[in-house]
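First the structure, in the form of structure tokens, and then the observations on it.
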Amino acid sequence: MLLLPTLLLTLTLNFGAMGMKDIPLTLGGIFPMSGSWAGGVACKPAINMALDMVNNQTDILPQYRLTMKSNDSECMPGLGTKVLYQLLYERPTKIMVLTGCSSVSTFVAQAANMWNLIVLAYGASSPALSNRERFPMFFRTHPSATLHNPTRIKIFQLFKWNKIATIQETQETFTSTIEDLEKRVKEAGIDIAVRQSFLTDPTNAVRNLKRQDARIIVGVFYEDMARRVFCQAYKEKLYGKKYVWLIIGWYPDNWYKVHDDRHNCTAEQLEEALEGHLTTEAVILHQEPTMTDVGMTSAEFTERLNLELKTTDPSLITGYPEAPLAYDAVWALAFALNKTAIRLAEKGMKLEDFDYYNEEIAQEIYSAMNSTKFLGISGNVAFSSQGDRIAWTQIEQMRNGTYSKLGYYDYVADNLTWFGTDKWIGGKPPPDHTRVIDHLRVVSQMLYFAMCALAVIGIIAGVACLIFNYRNRQRRCVALSQPNINGLTVVGCMLCLSCIFLIGLDGKFVTPTVYPFVCQVRAWVLSVGFTLSYGSMFSKIWTVHQMTTARKKDHKGVQIWELYTVLGVLLLLDVAVLVAWQILDPLKRDLETFAMEEPTDTDEDIQLRPQLEHCISDNLSVWLGVLFGYKGILLIFGIFLAYETRSVKLKQVNDSRFVGMSIYNVVVLCVITAPISLIIGNQQDATFAFVSLAIVLCSFLSMGLIFVPKMMELAKHPQRDNQEIRGLTDSLVSREEEERHQRMVNENEQLKRQIADMEDRVKELNKRMQVKVQQQRNSTGNADTDNCNTDNTIADLSTNTTRAAVTFADQKTVLLKQDGAVVHQATRFQLDDGVVVAPDNNSDSGLASWSMTRSPKASASDSEPFC
């Protein structure tokens, strides 16, 4: 209501002034009334308002009236250049040119310089236009897009974002913006990890951002492309609590609700994808309710512009945010022309004398523009040496579909005013990348203490064995088993068991500086412990083998120094290798890194980077090869000796068999454990458990096999002090004698089987003989009539008897006589040696027990039947 009287008063004053402003100064206007950015829809009415206001002012250009010739560029560089040439070749002469979007301003400003024309842009933000060599006559009331970059860097520093990504539409405006941003972030120590650009389709660019895990994304593109970008971001799930988008802030507030057939997302989907994003834009509307130098407040300007546009919802009108810039552009050139007119008057020249070849007047206008400074509707208007507008920047955030101001940044004063009203989906600003936490893999505490408990039990058992060994050293069963060597075996087992405590020590218990020392101690304790335990058993089995081979004829006793010599040589070899290793190539701490893992106990943007400590050296494989090489040979040789002496019993070393069994166990467990522990070295729990159990088993079995039989023997015979234990032998039983005895047993069994077979054969022959005798008795009665007289052969028995084996012979009748009388008649068998054997049914074997006088060999007639 207060505006109407003001307008009437202004019109009344203007009629009096119109008569004085009779010299026209024509401006050229190139407006984007359509196209990718149709900012002319709102900016052209604002410019017309400003022209009216300037023409109605008597203190500004009192003799001149500003007019304008304009046309639509559709925000297309080619068409905009065509419009420029039309303006140039159509009268009257244009004293200045107003332009809109950056792409058109770039071509127009580069060409207008040839006609000494000042170009003033109200909607161009391209950083490329700040190049004075290319655009020497260019000014703009719209801040450069690079004005956003210092603000963006302040935001990055505020939220500690050191890794960002960029996506841009391939336009010179945005390319220049990103190039400037790259320079500034490099100076600020911020890294651009991902760079993407697109010409017409942002699909692949957005997918690449997702694929490369971009989190803080700076996007520069026009409004129409912005809708397509965020539609694809919605499809790729590139939004939410893990992501932050920073885009241009000069879009209308409801830009994402505009219907666009080039994407298939709804306004609700776009709003979901845009939730929480940040915008930066120059402050283009004076924030204070005070009167400006252009004759009205920002609120009055907004009210008048709405009347001109005939709208109640200015967010639907493209270019509405830039309207104050267009309004102030007219006032800026008016102030500059007014100043130029005064200077020209001093030189006897006038503004109307300007033509396209008059460089002097053009330079005067240029100088006046450089020095122009006033408070306009868009705030303080001033130009830098590059012709850029100097302005504040405001930061906004979208929350529930509405933009909320978060603060302002004054680039000149380097002052960020932050309201602290920012809100985030996850409750806090997301990190610039997935936060990676180093997670040291350590041995399970329960497993570690369980293995340590077994080791303690083993050490206690070892102490018990040492006490037993010492207290019973005079008993025969202990004394004859070399108790000193047995004690060294126990000490070696206890060292190996104590190494379990060291193997399980990791970053959970020791610092990285102490860990290399643990590695060295580990190697010494385990190697020396193994040599003492296994080397002691090896020296005993070596001595047994020597006594049963080279010394068995001499029956020499065991010399204790021989055992110690073998063990000492093995220890010296160990010490030499370990000392050389520690001096030349000491062990150090190394971290093995594994693939990232997702934590299960939090929903934060965190990934775990598992790490595992190892003891390594530069030539670890060489040193391990040396250690494993000679210890492996020792294991193989030990098991060979144990096999060779498996059946030997010596009174000098009465437990050699148990020592051999211990060696078998140690070899088997070492052969299994060594390679497997190397294979599963990156599984700390499995490696620790496997190695610890192998040490425990080796130690327990070795101590048990050596000492438990002795304990059992002494428990059975506690009173028999200083007496020989039965079951041990004083004799030297060699392997060859035992094998000979076994062969004799086998031969005896074979002979028994042969005798049994012969007995069965004899019984069978007896049965056949009885059948023959019976048949002969039946046919005796017919023998006298059918045949001639049978020739009877009489054998005289002698006193010298001989038992012969039975063989088949010719069958004849035998008449046995005693004292000249026939006492028995039987079938005769003639043996090869002339011995006659007759069957005796009362004999166990079925053969006659009598002895007969050897008869002469049968003649040829013996084979014929006789009567």
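Residue numbers in this text run from 1 along the chain shown.
Cβ coordinates come from backbone N, Cα and C, glycine included.
Just so you know, TrEMBL annotations are computer predictions that nobody has curated.
Annotation source TrEMBL lists signal peptide at 1-19.
Summarising the annotation, TrEMBL assigns transmembrane segment to 446-471 (among others).
Sequence annotations record features per position, and here TrEMBL assigns domain 'G-protein coupled receptors family 3 profile' to 481-730. The domain 'G-protein coupled receptors family 3 profile' (481-730) scores a mean pLDDT of 80 in the predicted structure.
Within the chain carrying the transmembrane segment (483-503), a Cβ under 8 angstroms from the stretch's Cβ atoms is held by residues 451-452, 454-455, 458-459, 462-463, 465-466, 469-470, 473, 518, 521-522, 525-526, 528-537, 539-540, 560, 563, 567, 688, 691-692, 695-696, 698-699, 702-703, 706-707, all 6 or more beyond its ends. Annotation comment: TrEMBL describes 483-503 (among others) as transmembrane segment.
As annotated by TrEMBL, transmembrane segment applies to 523-542 (among others).
The transmembrane segment annotation in TrEMBL covers 563-584 (among others). Below 8 angstroms of C-beta separation, residues 482, 485, 488, 520, 523-524, 527-528, 531-532, 535-536, 538-540, 542-543, 617, 623, 626-627, 630, 634 of the same chain, each at least six residues beyond the ends of the transmembrane segment (563-584), sit close to that stretch.
Long-range contacts of the transmembrane segment (620-643) within its own chain (CB-CB distance under 8 A, at least 6 residues past either end) are made by residues 527, 530, 534-535, 537-538, 541-542, 544-545, 570, 573, 577, 581, 585, 587, 659-661, 663-664, 666-667, 670-671, 674. Look at TrEMBL and you will find 620-643 (among others) tagged as transmembrane segment.
Positions annotated as transmembrane segment by TrEMBL: 663-680 (among others). Residues 533-534, 537-538, 541, 628, 631, 635-636, 638-639, 641-642, 686-687, 690-691, 694, 697-698, 701-702, 705 of the same chain, all 6+ positions outside the transmembrane segment (663-680), place their C-beta atoms under 8 angstroms from a C-beta of that stretch.
Cβ atoms under 8 Å from those of the transmembrane segment (686-708) belong to residues 443, 447-448, 451, 454-455, 458, 461-462, 465, 468-469, 481, 486, 489-490, 493-494, 496-497, 499-500, 503-504, 533, 537, 655, 658-659, 661-662, 665-666, 669-670, 672-673, 676-677, 680 of the same chain, restricted to positions at least 6 beyond its ends. Residues or ranges marked as transmembrane segment by TrEMBL: 686-708 (among others).
What TrEMBL lists as coiled coil is 734-775.
Annotation source TrEMBL lists region 'Disordered' at 837-867.
The compositional bias 'Polar residues' feature in TrEMBL is assigned to 840-867.
Under 8 Å from some Cβ of the transmembrane segment (523-542) lie the Cβ atoms of residues 482, 485-486, 488-496, 498-499, 502, 562-564, 566-567, 570-571, 574-575, 577-578, 581, 587, 615, 627, 631, 634-635, 637-638, 641-642, 645, 653, 656, 659-660, 662-663, 666, 698-699, 702, all in the same chain and six or more residues away from its ends.
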